[in-house]
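Feature list (source: TrEMBL):
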- A:6-414: domain 'TRAP C4-dicarboxylate transport system permease DctM subunit' (DOMAIN)
- A:46-67: transmembrane segment (TRANSMEM)
- A:133-157: transmembrane segment (TRANSMEM)
- A:163-186: transmembrane segment (TRANSMEM)
- A:207-232: transmembrane segment (TRANSMEM)
- A:238-257: transmembrane segment (TRANSMEM)
- A:269-290: transmembrane segment (TRANSMEM)
- A:302-324: transmembrane segment (TRANSMEM)
- A:331-350: transmembrane segment (TRANSMEM)
- A:356-382: transmembrane segment (TRANSMEM)
- A:394-414: transmembrane segment (TRANSMEM)
Amino acid sequence: MSIVLFILLFGLIIINVPIAFAIGFACLTYLWFMDINLALVAQRSAAGIYSYPFLALPMFVFAGVLMEHGGITQRMMRLANAMIGHIAGGLAAVTVCGSALFGALSGSAIGDTAAIGSIMIPAMKAKRYAAGFAAALQGCSGVLASLIPPSLTMVILGATGNISIAGLLIGGLVPGILMAAALITISFIISKRRGYGGGERAGLREFIAALSDSVLPLLLPVIILGGILGGIVTVTEAAVLAVVYAFLLSVVIYREVKISDMMAISMKVVRIAVPVQLIVAISHLFAWIITTEQIPQQLTGFFSAVAPDPLTFLILLNFLLLLLGTFMESNALIIILIPILMPVVVQYGIDPLHFGVMFVVNLCIGANTPPLGVTLMTAAKIADVRFAEASRAVLPFLAAMLLVLVLTILFPQLSTFLPHLFM
Amino acid sequence: MGQPLFAIKKTIIKLVEWMLMLMLLAMTGVMFGQIIWRYLLEAPLVWSEELALLLMVWMTFLGSALMLERKEHVAIDVFVDLLPDGLKRLMQILGAIVILIFNCALTYGAFVIAETAWESLMPGLKISGSWQYIGVLLGGGLLTLVSLEALVHALRGTSGNEVAQ
């Protein structure tokens, strides 16, 4: 019966049924065949989203959207430019750092790509960077938002897999910084070779001005991380504080958001958060079926036959994930796979934090792998360049990201050292 | 779609949008209140978390209906785009039927559970436990209407975007 469930699920997804409804219908069919009360659909779905950790999701999205509308993006870009705008391929480095900084505020990869990309891609094109290069770089930089705290992906992963969300948020920091460094290195090499120039070196005065202009928004990640690490607030409460702070900043201090903009902002939050919330809700039923059918146990049996040690298991799994990641949306992939995989991971004695961070690093690559990488597509649209061209330009960046993935797999300390230090 | 039906649809959409905005603000306000009362006034609220979660359930299902209407749910269209037009339309009809069946089941289930849970009490809010399922019921009802409309459009071969005329 579980085979039918999976075939139906993937079949429906392939014929363009929204993922949430594909999961729902597959589960419904299962209940029907097993002669289980269909009212379970509603009961499980409501229970699935009635979850305190998930409350952080709409809250972080809300904070991010407020920030985006509050003129924070420009301030981040100015700071990044003052720091590294002058080196060869300076704009490229600014794109990476700006995305990382803004990712620390917005937390969503596509949002980050769109917000920073709409500023940086035209700027790069004006300075004669190839449009394909600009799109590829922005696509890869956008996913830094999934690794640099606060990351929505980590919240979803933690809540789904019952892994410490705070631990995951902090665990993503080092791989995130490594990935930013790898992207900057690659774009530096390419820019040197193709002669993409740097800008003028910003004086100390400009640097200080840019820094003081961004100091209030930059306090936000400090508040969030400080609050969580200090054990003062829960992740959900930190997200709420982020909304209140972002509201004060954009409405009261910078005055770039008016109360009348609230409807547009709320609708943007709904558009980003609700589709994920629905998948979360409906997948609760899916997770219940997975458990009833003892699929993790069967999977453990399968893996222990082919992969005798944890490392072989992780390598096999990463190949599978890279494949799935190219054509599945990251959040949906997390919500479907994590309940199946977590018991297997625990069997192998792998640290859940290590596994979780590795999983997200892998998804970052999938989000930029042709033919279906979603952030790469977003960036290509902004750059107004054919997807095929961006796909060619993305290859060196993918190689760099793969290197970071390999490091994350081989050295668990990269993802577990910080969380274990603080918690 | 006829003019009166279209006017009703527009009114419902506006109403849902307003509800979503107010629920989002209320969620934030209630949770902020919880923080203030717990850390500053040292008198934790017993109902705040329940209310915020209840609002999130409502937001999820009402918002989902709105997102289905706007085709904003996460879906993968690259494979159907490869198909010839006739087959593509068949898939569209099939998809619309699947979504409609699921939404009917969701609505039916929400009704059954809301009825059963009527006597139960949420410990903090001291209101009936049915309230969270009423959100699912309302959202499910709207989802059913939206998917019914989508099915009609799929069968007629219209996109659903020209209703404004």
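Glycine is treated like the rest: Cβ placed from N, Cα and C.
Taking residue pairs at least 6 apart in sequence, the transmembrane segment (A:331-350) and the transmembrane segment (A:238-257) share fewer than three C-beta contacts under 8 angstroms.
Note: the stretches the transmembrane segment (A:207-232) and the transmembrane segment (A:269-290) are not in contact (fewer than 3 CB pairs below 8 A, sequence gap of 6 or more). Below 8 angstroms of C-beta separation, residues 73, 105-108, 111, 150, 152, 155-156, 158-159, 165, 217, 220, 234-236, 238-240, 242-243, 245-247, 249-251, 257, 265, 268-269, 272-273, 276-277, 280-285 of the same chain, each at least six residues beyond the ends of the transmembrane segment (A:46-67), sit close to that stretch. When each of A:302-324, A:331-350, A:356-382 is checked for Cβ pairs under 8 Å to the transmembrane segment (A:133-157), A:356-382 comes out on top. With a cut-off of 8 Å on Cβ pairs spaced 6 or more residues apart, the transmembrane segment (A:302-324) and the transmembrane segment (A:394-414) reach 3 or more such pairs and are scored as touching. The stretch with the most CB contacts under 8 Å to the transmembrane segment (A:269-290), chosen from A:163-186, A:331-350, A:356-382, A:394-414, is A:331-350. Summarising model confidence by region, the domain 'TRAP C4-dicarboxylate transport system permease DctM subunit' (A:6-414) averages a pLDDT of 85. Highest Cβ contact count with the transmembrane segment (A:356-382) among the listed stretches A:163-186, A:331-350, A:394-414 falls to A:394-414 (criterion: pairs under 8 Å).
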